[in-house]
Structure formats: C-alpha cells, structure tokens
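Novice: Just passing along the structure, written as structure tokens.
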C-alpha cells in the first residue's frame, strides 16, 4: 500500500528512467538536420572520427547522442527505416547494461543497432547473441548492410563452421551467433594446444536477444563437451524391459500412511519430475535382476557393486514414466532428438545426461549410443557473467525482473510502445475434460475463419498440435502446422500467418523471430521480384507497387475482422511463455485478441490447482460442455504458475551456487593452462614444480626439525632411485661428515636433480625440450581436469544426503570440492615432474617425433559432442570426443619409447598399485597400454 502511494507521488523507477532517457532523445533529434546534410562518405567518415575521439579519452556516454544520430541517419538511407524515439530509448537501455523489454513488433533488431554501433567503436568486439543459427545469419545479413555502410565489419559465428572462418568472424567489429556456439567456443579455446588455434578475443560486450529464453529458460542446462566413456549399451537394452514388469503406484504415501490410492512398485512425482521405487518395488526389482543374472541370488540392489545397476534402473523408469514421444522428443533417422520445451524446436546433437538419453533410445528401439565423459563444462550464467558489459532485450522480461537482478545484476526497463496497444485479452475458459476444451477451440477457429480473421493456435507439444490438426481436417478447415517437425518451413509459415482466413497451429512461439504482419508479409515476395534477373527495373517497380496495393486491401480486411486472434490450448508453466504467445497479436497498435482454453486434465492444473477448480465446478453444478470463465479461476492458475516459476528459480539458483564452486576452480585451471600455453619457455615452471615435489618427498623421510636418528635415509635413497633415477650416496655422505644439517642434504638432492635435468636438455636442445615439456603439462592438466569434473559430478549427485546428518550440503560440497582440487594440483605437479624427469630420448629427431605423437593423441576435438545439459531433468547440451588416454605418464612414456618404455617396468599384478606412483591400480594406469 505504502509502495503504491510512493509510486503515485514520485512515479515508478521505470518511469523516472524513461523520463531521463527522453531528455537525451531530444538532444539526438536536435542533431538530425545536421547529419541529414552530410554526404554518404562524410557520414561514413564519422565512424573514424568517433574512434579517434574515444581513443583520445572521450567516453562512449559523451559520444552517444552523435553516434545514435549517425546510426539513425544511416538506417534511413540504407534500410529505409528511421528509428522511433522509443527505439532510441531502447538503445540507451542496452548501452547502460540493462534489459530492454519491448513488445513484439516494436523493432528489437533495429533498436540493437544503436548500442552495437556505439560499442563497436572501441574496437574490442561486440557479440549479438540469438537463439538459433537462422536468426544469427538473417540478422547479420540484414543489419550488416547498415554496419558495412558505416565502415564496420560484421561476422557470423555458426555451428560446424571451419576454424579459420570462425577466427575471421570473431575478429570482426560485430559478431552474430548463438548462445551455445559462443559458449562452446570459449570451452574449445581452453582445450587448444597452440595459442594460434584460439578463436575468441577477450569478452567485451554482448547483447542477448530473447534474453529471458537464454539466461533463464536455458540456464538450468550447462554446456558440456564430452568424449566417449565405457561402453554399457547392452545393459540399457536389458534394463529396458524391467519398467514394463513393474506397476505404477497411484498417490504418494504420507507420513501417517495414507495417500496411496492404488499400491504399486514405483511412484512418479510429476511436480519434482522424479521416480521412486517403493519397498515392494525394490524387492520385485531385485528378483527380476536376479533372474536376468545381473545380481546374485539374495543380493541387495544397494550393495556397493550394484550402484551402477541402480542408476540404470532409475534411468529406465524415468524414460518410461516421464519422457514422452512427440512431447519431450521425436524419433528421426534412428535417433532420439530432444524437443526444446520452451520453443518447440528440435535440439539436434544435444543429449540428456546420466544415461537418460540411452534409456530413451532403448525404449524406442533405436541404436543405443555410448555414454560420455565430460571434458569441459560451463553454465550460461557463468559464461555471460564474464563479459565486461552485458545487456539484453525481449518482449517478456518483467515477470523475471527479480531473477535478472539477483543472478546477473541486470535491471529490466519496460520500453513504452510506439503506438497504443489495442489487443483484447479475454478471460480463460476452463472445461472439465480435454474433449470439451478442443471442441470449444474448433468452434472458435470456425467462427474466426467464417469472418475472415486469421488465427494463431498455440500448443505446448507436437502431439497436441498434430491432434488438433486432425480435428481441423475432419471439420474441413484449411490450416498450417508449425512445430519442430516443420522447422525448415518456419519463416515461410509465420510470414503468411496474418492473411485473411489463415489458421496456423504452432508449438511454443518463443524465439520465432519473425513478425506476423496483418495481411501477410510482402517483404519476402518483393525480395523474389527484386532478385528476378529477367525483369527490368520498371517492371520490378510496377509489380512491387501492385503487390503492396493488394497487401493494403488484405491488411484493411483483417483489421476490420478484428486483427490476429490468438488461441492458447493450454497454459504453460511459465507466465512469460503465455505472454509471448499473446504478444504475437496487436503489434504496433494493430487490433487483436487472445484467449486460453484449459481443461482440468492439463498438467499444470492437475498438479497445482485441479482440486480447487474441480470443487468450484461441482459446487456450481456445471453442465457438460459449459466452461468456467471467472477472474478467481484465472488468478488461481496464475498463482500456480508463480509457484512453478519460484521452484524453477530455486533450481537455477541452486545450480549456480554449486557451479560457482566449480567456476572458481575452472578459472584457476584455465589460467594455469593459458600461462603454460603462452609462456615462451616452460623450463622455469617445471624447475619450480620439480623443486616443490622433491622437497615434499624429502620431508616424508626427513621431517623438518627432527633428529638424525629419525631420518629414513635408506628409504629416501630407494625412492630417489626408483622414481627419479638418481643414485645418491646420502648414507655415505652422512657417515663421512662429523655433523650434517638436513638442509645440506636437500641442497645436494636438488643440485643432483638440476644437473640430471640439464644433461637431458643439453642432449636435445632447449627449444625442442621446451615443446615437449609444454605438451606434457597441457596433457596432464587436461587429463586430470576431466577426472576432476567426473569426481565433482559424483560428489554433487549425493551431497544432498548430508542434510540428513544435519550438515549444510552446500558447505560440505565447497569443503570437499576444495580438497579434491588441492589433490588435483598435487597430482598434476608430481606427474609432470616425474614424466619430464624420467624421459629417455637419444636424439632431437626422436624428441620431435615423440612430441608430435603426444599432440596427435591430444587431438580429442575431432569427434566431440556438444551438449546443453538439462540440469533439472537430467538433460545435457553435448560435443563427442575421442576416448582420451587416462594417464599422461603412460601417454608420454609410450610416445618416448613405445613398447621399450613399458618393457622396462617391473612385473605387476593387475590390481596392484601402478609403479608409476599415480596411486591408481595397474590395470587402470600403465596396464591399459601393456
């Protein structure tokens, strides 16, 4: 109440910001006549003038009015479009590291050009981030004309693009690309073995289009580059039959033992998107697994050796109970392809993690692909927070304003529309059953069709869109279907969705990127005429004029019929997605309307609000086919949506808190890796590592401040001989001296080690040896970082159970992951030192060859999978790499001397510790190569 009163007196913060920006818009408008008088060359020359002024110390804020005025004038000449005042405000919001919420059709793409042009003057590069390759390429070509006219270079960064073209794209002043590709390029740049192989420059400024989709919807899904792990495809197929033998329990058992409507073997928690075996289910599963010969008679599923089976069983249960064909995925060309739940697009190449994708493949009877091991991973939150400046734009961000501020420090500013919105949002209609709901939808579509009004029908799954299409076919109503399966025709279908009597059924319209213009889109047809070489300029002009006249007539006809009508067949769990669908109607002051048709069978209502609404319907004794249409019901649905949004926010926040721990470690490892990569000579680094490791070894046998009687000199001599090949007469030295300090012994060892190392370097030359050392260090860092990521993943999966011991899982995760990281650094240090110290090469030629062999062994980016990992549901965005060798020492020794290097090793049992000192079993280390 008090907040509302203050807003009335002082205006909201949003209104105050808009007022400030309007003052700057007045300055820009005052400059317009001045720049209109300039020739094209003079206007283009302003870019270089601005660059020099900025280099001379003038801030971008000081340049802003003139730069925006120049950009607007160039757009008028090249694009035949003049930025509206509200677009100028949008450009300033983007430059101020904020999110501009602009309604659909208000020209976000053109608005972005203002902030992009201004920030490109720094020469540090601007990234414009879109949701798919089609939009990246379209916007780069479309707006590239404007930037090129102003003397700026434009690049487009697409997936599967050759390496040299990527470097050119990133070196341009402005780079368009998708969020996934920018993130994967960052990870790939931190896996290269030569600085010249990197593609990205330091991250300076990014504008994220559809910012809510990228920074919120996809923030639950880390990007992952992975390589193949152990092959267990047969196990997935054997496990696939088990869910069919188990019965589903209806209702969840409460603390008092009530709540179960029908007992069963497993319970599906739709709200938490999880499956749980009941006690009876455990016993039944154990019997089935015993019959299959997967566990011994009477053995528990929880025995340590059966944990993997437990993991596979739950993956199979989730695949059968929670993931449905044509809703969560489609099957094409012997592959299971994920459908993006927010946009309805196919996510080719992405795979769910934790064995879920393999379980779905087994369920659908397609080829089961191997599981993957993570090589590198990052979340969008942590990737985008690395930019010096970050801004975004979307049609719907205000509902998530708190999250943008909390996670990214980005303020949302709602930009006023250029013309007053005229869309009518009608109240939801709720029916008892799905059949009644779809009958009402078909009646509404028929009514609009008869009046010549175009209709856009939004569905939440491919299955629903195809079911509705069948109903319309029976009614002989012509229509177009736009879902993940019709991806290729997307732009064409959307462009014509505003023509009279046009009925378009679409799965979630988020990120479609094409406006629905009343009367249809003439730009595309005009483009075909322009491209026709057989027509003269006069004929082209005549045909385009005729086309525009026809369009005007259709446009007026549709406006008279009420504009575009939006029909929602189900509420999405996010209000924002519903608002995006509604936002397709009523663009730029056009008329339009929207209505959602719901049924009590809908997932959102069933889980969160079904009982309450059903009780209202029964109390009112609603006859069949009669809907409820009341504000109280609509409010209760919005309350349910808020609950889901809150839960999803908590999931994303929790993911970020855990990933922040890994992120700090990632930064350190990548910094270390880049230091190695960029140093001219890593000899000093190796010398420091060698000294540090030898001091630790020495102190194991000669503790600090200890008496001579406590020293284990025989053990130290043996260790130096076995691990380092150093024959040092330490015992004789001590005997021959009247008294000796431990520091003298240490100096003696360090000196001998230094001489041993210098002799090796002298043998082959400093330059050749430095290349070898760099390869060994990079290989060691990469191998153990991969293993560390797997360990962190394993730690995270079970860390929540610490809560039962009254411990804070997050604090426990921080503590244990830090211990793992300290151990990782120790292992890298000792392994690099040992490999470099023990290498045996006779000639420079052999050393060169060995170094090349190692680098070939490291070319693990040829067969890589790129994943965008679904955190909440187990899905992961993946890239597929060659199975990497698990031990650097083995790889390096094999490279140095091949079989001969291994032949010199003592005879060891497969389960004994490996003599290389890695701490692993022999079969998991050098035994793999022998």
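Every residue gets a Cβ built from N, Cα and C, even glycine.
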Novice: Can you tell which of 87, 525 Swiss-Prot lists as binding ATP with 105, 106, 107, 108, 109, 515?
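Specialist: Looking at 87, 525, the one Swiss-Prot places in the ATP site next to 105, 106, 107, 108, 109, 515 is 87.
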Novice: In sequence order, which same-chain residues at least six apart have a C-beta under 8 angstroms from residue 515 (ATP binding site)?
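Specialist: Looking at Cβ-Cβ distances below 8 Å from residue 515 (ATP binding site), excluding near sequence neighbours, one finds 104, 105, 521, 587.
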Novice: I want the residues beyond 87, 105, 106, 107, 108, 109, 515 whose C-beta is within 8 angstroms of the mean position of the ATP site's C-beta atoms, in chain order.
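Specialist: Same chain, not in 87, 105, 106, 107, 108, 109, 515, Cβ within 8 Å: 102, 104, 110, 111.
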Novice: With ATP as the bound species and 87, 105, 106, 107, 108, 109, 515 as its recorded binding residues, calculate the greatest Cα-Cα distance and give it in Å as a whole number.
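Specialist: Value for the max Cα separation, rounded to a whole number: 17 Å.
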Novice: Enter the number of other CB atoms within 10 angstroms of the CB of residue 105 (ATP binding site).
Specialist: 21
Novice: For each of the binding-site residues (87, 109), count the other CB atoms lying within 10 A of its CB, then report the residue with the highest count.
Specialist: 87
Novice: Which of the three DSSP-derived classes (helix, strand, coil) applies to residue 108 (ATP binding site)?
Specialist: helix
Novice: Specify the secondary structure state of residue 87 (ATP binding site) as given by DSSP, simplified to three classes.
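Specialist: Its secondary structure by DSSP: helix.
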